[in-house]
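Q: Got a structure for you, questions after.
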Amino acid sequence: MSAIRPAAVVVLAAGEGTRMKSATPKVLHDICGRSLVGHVLAAARELEPENLVVVVGHAREQVTAHLAEIDPAVRTAVQAEQNGTGHAVRMGLEELGGVVDGTVVVVCGDTPLLSGETLRQLAATHTADGNAVTVLTAEVPDATGYGRIVRDGASGAVTAIVEHKDASESQRAVREINSGVFAFDGRLLADALGKVRTDNSQGEEYLTDVLGILREAGHRVGASVAADHREIAGINNRVQLAEARRILNDRLLTRAMLAGVTVVDPATTWIDVTVTFGQDAIVHPGTQLQGTTQLGEGAEVGPNSRLKDTRVGAGARIDNTVAERADVGAQASVGPFAYLRPGTRLGAKAKVGTYVETKNASIGEGTKVPHLSYVGDATIGEYSNIGAASVFVNYDGQDKHHTTVGSHCRTGSDNMFVAPVTVGDGAYTAAGSVITKDVPPGSLAVARGQQRNIEGWVARKRPGSAAAKAAEVASRKPEGED
């Protein structure tokens, strides 16, 4: 184990979070595609700890199930009653056998902006300074309401954490505050937790009392200052949740732009932590990129588009579109106002145009579905053209069925393809056709009734109407006169 690699990280995630006013446990609320506790776990994993323990309590079945999904290797400890942060850490250590040799880092499960880099700095400072405990602190513009860090003027060691209500005027002038994140000597921590008292207004075991116990025993208490005070912000309500989402989104967009991505309007662009970009990708205003979405080199998305778990190939263009679990080939064109549902796969240079919806459809290279169509449960070959207002009728009321259209086909406007049906390579279909039988390669399919004109119908059925009058005037015009 390296000098700064902790023996354990303990994440405190047992609180109810009543100020969120939500049926969802606080630590499971999402920002930028990851739960609050998920962000904390990701930062903690950067330390490569020997053990990672999450202390759960409120809604523990739901939280534990989520943890198993996002990080199966994590261990959980139960704090059945909310008896304070010191008690929660004690439950975490009991999961590890009670005493841990090495450094134990304690973090809060509702601090999604905390970075792995800051935690590494904390662990490194703790080891280098030989501290019994190291407090992660931050200097904030306004420290009102926070516990102040009081240091020894000569050594810089932390002598006390004074709560705002108990602070003197000189102490209230201090802008360095306690984050609630600590690095401890594991053996000293276990011993000190056994000495924490509950004779306070809340009747709880406070983790901060450990600092005083260790200092009074002659051990050094130090501090590591976070470079960005916003990293230590905890989430207690929806306002703070929104602010954290904005900060993290700005961080993600800045990273993308510095890597060669053009974001036209960062204020209206939202991305998840798992989104990736190729160089020279362009993102237009009003765009949301979610989940594992990938934009290839030179791909262009937006404005007003939402993509989730979607791959966009190099040079592809997506405009005013919603796409989920879709795969868009290189130099393909989508939109405006298209909807790519799960299972959509577009080949290179394919086109899905205005007001087109696709689902579980494979559309080949160079094929075009330009207008007002639904393509579901279908395979279309290369360089075919699907006429406007076409519908792939895939559902018979009980089961879904598949339609296959070959390569180099031309289908007329207002076609219905009633699955299961196959249109062979190079075949054409006439406008207005309802295709219910297979069309052989190279054939023209015409599946519509003959047109029948009933002369004088309007005059008989709608006498005196505007249509009847217009028809009467037209009938009096000499042939050939406009």
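In case you wondered, yes, glycine gets a Cβ from its N, Cα and C as well.
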Q: Of the residues Ser362, Ser413, Ser475, only one is listed by Swiss-Prot in the acetyl-CoA site with Ala388, Asn394, Tyr395, Ala431, Arg448. Which is it?
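A: That acetyl-CoA site, as Swiss-Prot gives it, pairs Ala388, Asn394, Tyr395, Ala431, Arg448 with Ser413.
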Q: Just give the helix, strand and coil counts over the region 'Linker' (239-259), going by DSSP.
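A: Breakdown, helix to coil: 20 helix, 0 strand, 1 coil.
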Q: When you measure from the Cβ of Arg341 (UDP-N-acetyl-alpha-D-glucosamine binding site), how many other Cβ atoms are you left with inside 10 Å?
A: 17
Q: Name the secondary structure element type, per DSSP in three states, that contains Tyr395 (acetyl-CoA binding site).
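A: Assignment for Tyr395 (acetyl-CoA binding site) reads strand.
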Q: Which whole-number mean pLDDT does the model give the region 'N-acetyltransferase' (260-482)?
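A: Averaging the confidence scores along the region 'N-acetyltransferase' (260-482) gives 97.
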Q: In Å, how large is the greatest distance between any two Cα atoms among Ala388, Asn394, Tyr395, Ser413, Ala431, Arg448, the listed binders of acetyl-CoA?
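A: Of all Cα pairs among the recorded acetyl-CoA binders, the widest measures 22 Å.
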Q: Take the C-alpha atoms of Ala14 (UDP-N-acetyl-alpha-D-glucosamine binding site) and Arg448 (acetyl-CoA binding site) and report the distance between them in angstrom, rounded.
A: 67
Q: Translate the DSSP assignment of Lys26 (UDP-N-acetyl-alpha-D-glucosamine binding site) into the three-state scheme.
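A: DSSP assigns Lys26 (UDP-N-acetyl-alpha-D-glucosamine binding site) to helix.
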